[in-house]
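K.L.:
Got a structure here, written out as structure tokens. Questions coming.
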Amino acid sequence: MKPISRKRVKRRGRHSSSRRHPRPAVRFFVGLVLLLYSGAVLYWMFLGFGRTVRTEGPLLYNLEPLRTVKLYFDLDNGVSLTGRLVNLAGNVIVFVPFGLLLPLVQERFRSPFILTLWTIFYILLLETLQMVLRVGSFDVDDLLLNLIGVWSGLLLLRITSILREA
């Protein structure tokens, strides 16, 4: 009779190595990329695209969900196709890296709920600062589009994780 082998068996599922955090060096590099990318996004939001500070007039804001999005689908509004793409696709695409990178740096951001809460908090903060500093407007549609971008990044991360395990 042969003795039972006590070899380690690679387990699949929730605790497999592909679900664990990356090595510290990888986390550091991803964190550095995230920091640099965040700086670029802040530049675009507050200084880029020829933004100027308005010194007078009312604070600009939109609190009606999908109002701005509907405006961009109205072909008679005078907004160029480039303007529409930058505002719609740009607000989504620019936030995809956050959904990809944040969960790699901090494990708590792997939870869609936690990631969503933090994203809402920071986007509300940035939108409010744009309005108060008069370099843009507070637009609830930007929040919605940015969230779609973050969720898309998290989905891409999960899909690549599943494909690696297969």
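Cβ atoms are placed via backbone N, Cα and C, with glycine included.
Straight from TrEMBL, here's the annotation block:
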REGION    1-20  region 'Disordered'
TRANSMEM  25-46  transmembrane segment
DOMAIN    35-159  domain 'VanZ-like'
TRANSMEM  85-105  transmembrane segment
TRANSMEM  112-131  transmembrane segment
TRANSMEM  143-163  transmembrane segment
K.L.:
Sequence-remote contacts (6 or more beyond its ends) of the transmembrane segment (112-131), Cβ cut-off under 8 Å?
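P.N.:
Answer is 42, 45-46, 59-61, 95, 98-99, 102-103, 137-139, 142-143, 146-147, 150-151, 154.
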K.L.:
Restricting to the domain 'VanZ-like' (35-159), report the mean pLDDT as a whole number.
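P.N.:
Mean per-residue confidence for the domain 'VanZ-like' (35-159): 95 out of 100.
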